[in-house]
């Protein structure tokens, strides 16, 4: 904002004083603003070319250890078939280092006690037939009754087993027979494939949750509370809960137990043979329940344990191409009578058995992300269990208190596991209504609780957060899941900067303060400024634009009115001459009323404080000169 200033005359020697005037443009005043929260698809396997059959040419006829395969297909020339009693060259001396065989347990049965004299003849015939079929990469399938048992041979005799190799993935690939040496070894508990974290004492328990048969179930491996118990539950020991669509199958699996094969196997043998550079070590080991699935309802959908291939489960061991699938033996005569969509503990099963690796590896540290993921999975299982109990008519289960936030991830995971087991084994009483959202205790008994904000409270716990008055049956205000009585809620509200009363409805914020919309007015005209431009003076008083100009804008020296911007304009134009302000239309000659401007003939020629044009100024000078000469 500019103030008028005096302008000195251009020259003192001129007979007529021409005073130039300057025009100033002032911008309008500023307008402050008003502010009024997978599973990955199954991993695909490439087709595996079946290796050529292996046999022992130095096996003596009548030896023990092999089974009789079916006869080869008929040939066109029967004369080319050699007789079974052909002579073979004498075997060279055996090299002790050529066969790496581990001795079995001293307390188990010997190989000679397990096999009959018929098996000895089968071994020699198998070697002869294998020589005839060396031109074909495939061998005919063995009859169902000639399945080999998982037994250990003596140290000096390698054993040739016959198994079919099937890639456990959809679509099914071509299955071929594979001979592999499986000497007996000391049973070593091995966890499934993944990152190894030794757990020497706790017994792993598998919790399988299945909603539908269209996708694999997820299993979480946790530690049991009884580390000294080692047993395998039978077909009737599995616990099933079926209020909802999910079922929970709890089994404890032994860490070290030699599984004797039965006389007849209910399932088909599947084995993945390690590469030729590695020696198969043991046919026995820890039978994990994570890889188990059941053919009656999930024949085309094998279970992947609820984890991705790139995300190993808790306590797994990383070693490629060292796992084998062995048959899971079912109880004889056990039928499957369960409902569809639920896992069964009886009937034919297929179990993944992981053989120990030959070279030991250092156990890496368990990643924290995996523990957090297992914690979330267990929490979801517990929530689903509680939801299923409520839908079936049972209240929420009573159990241990919630986990404090100061727990480590490992302790919190263990606590959630125990809480889930406790909730599943201890269904709540009929008069249980839930857990109080205020104190965390159970609400038991009629008339002891109330429901508010979609939560359950004790009657004594549902009080105002400020004055602790009981709010049952009383109106209250809910703010961020917290209850307030009406007086305390009003005291928590913002107060108007003008009337100092609490703002119950809409808040208008301006200049960093809160106002009622009807209290935010101009101090001059008292008009509401809600949604209207305004400005503030040096004292902080609020004005509308018109009243601010009327109060603080410069005034014209002729009409005494404030010089304001033209309608529709944002700038103020004024003329400053002789330390006075003029409107553009008020800057005229006082004698003739002619509009003055910057031109030579239309300029301002003041005389004795009067604004005159050039002609009027000359006329006044002549009058004054004549009067002065008369006086003399």
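Note that Cβ sites are derived from N, Cα and C of the backbone, with glycine treated the same way.
Swiss-Prot records phosphoserine for one of 117, 214, 282, namely 117.
Mean model confidence of the domain 'LIM zinc-binding 2' (494-554) amounts to 90 (pLDDT, 0 to 100 scale). Sorting the domain 'LIM zinc-binding 2' (494-554) by DSSP state (H, G, I as helix; E, B as strand; all else coil) yields 8 helix, 16 strand, 37 coil. Sorting each residue of the domain 'LIM zinc-binding 3' (555-623) by its DSSP state yields 10 helix, 17 strand, 42 coil.
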